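Participant: First, the structure itself, so that you have it in front of you.
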Amino acid sequence: MFRTMLNSKIHRATVTQADLHYVGSVTIDADLMAAADLLPGEQVTIVDINNGARLETYAISGPAGSGIIGINGAAARLVHPGDLVIIISYGIMDDAEARRHVPKVLFVDAENRIVGQGGDPAAALPGDPSSLRGDVLDPAGARGLGGGA
């Protein structure tokens, strides 16, 4: 059996530009692509934290060190400059490899510079009081997102 597993994610990247009339894709700073183990043309999922939009496209490399996260083509109707996004890649692997696999998890600042990295897909950025681990419940609804009983 093969499993589709998280290969990498760039967490809370800031969209720097959007171009509706570009042919398509997402332009990602080459340094971020390398750190996230992304290849040009690789399929990625983009999740917009601001509005909940979720879409699939492919990655293209932008200038290294530029911090660019550019939404191209029709996706520019869903994701806008200034939006926070999670860029996710998946890998297909056999069961044994999936059980050993450690994803690359990147945390970036407002300029899309790497400020933390690891291999725990549920991890929150250390020292960031505005985020919770993905495997922690918020039963009191303290985040204001409708949590609680």
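In case you wondered, yes, glycine gets a Cβ from its N, Cα and C as well.
Feature list, courtesy of Swiss-Prot:
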ACT_SITE  S25  active site, schiff-base intermediate with substrate
ACT_SITE  Y58  active site, proton donor
BINDING   T57, G73, A74, A75  substrate binding site
MOD_RES   S25  pyruvic acid (Ser)
REGION    119-149  region 'Disordered'
Participant: In the same chain, outside T57, G73, A74, A75, whose C-beta lies within 8 angstroms of the Cβ mean position for the substrate site?
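Facilitator: Sorted by sequence, the hits are G24, S25, V26, L55, I71, N72, A76, L78.
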Participant: Might you list, by sequence position, any residue in that chain lying six or more from S25 (active site, schiff-base intermediate with substrate) with a Cβ less than 8 Å away from its Cβ?
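Facilitator: Once residues fewer than 6 apart are set aside, S25 (active site, schiff-base intermediate with substrate) is near T57, Y58, A59, I60, N72, G73.
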Participant: For the binding-site residues A74, A75, work out the Cβ neighbour count at 10 Å and name the residue with the minimum.
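Facilitator: So among A74, A75, the binding-site residues given, the one with the fewest Cβ atoms within 10 Å is A74.
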Participant: Secondary structure at T57 (substrate binding site) (DSSP, helix/strand/coil)?
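Facilitator: Where T57 (substrate binding site) sits, the three-state DSSP reduction gives strand.
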Participant: Count the other Cβ atoms sitting within 10 Å of the Cβ of Y58 (active site, proton donor), across every protein chain shown.
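Facilitator: A 10 Å sphere around the Cβ of Y58 (active site, proton donor) contains 15 other Cβ atoms.
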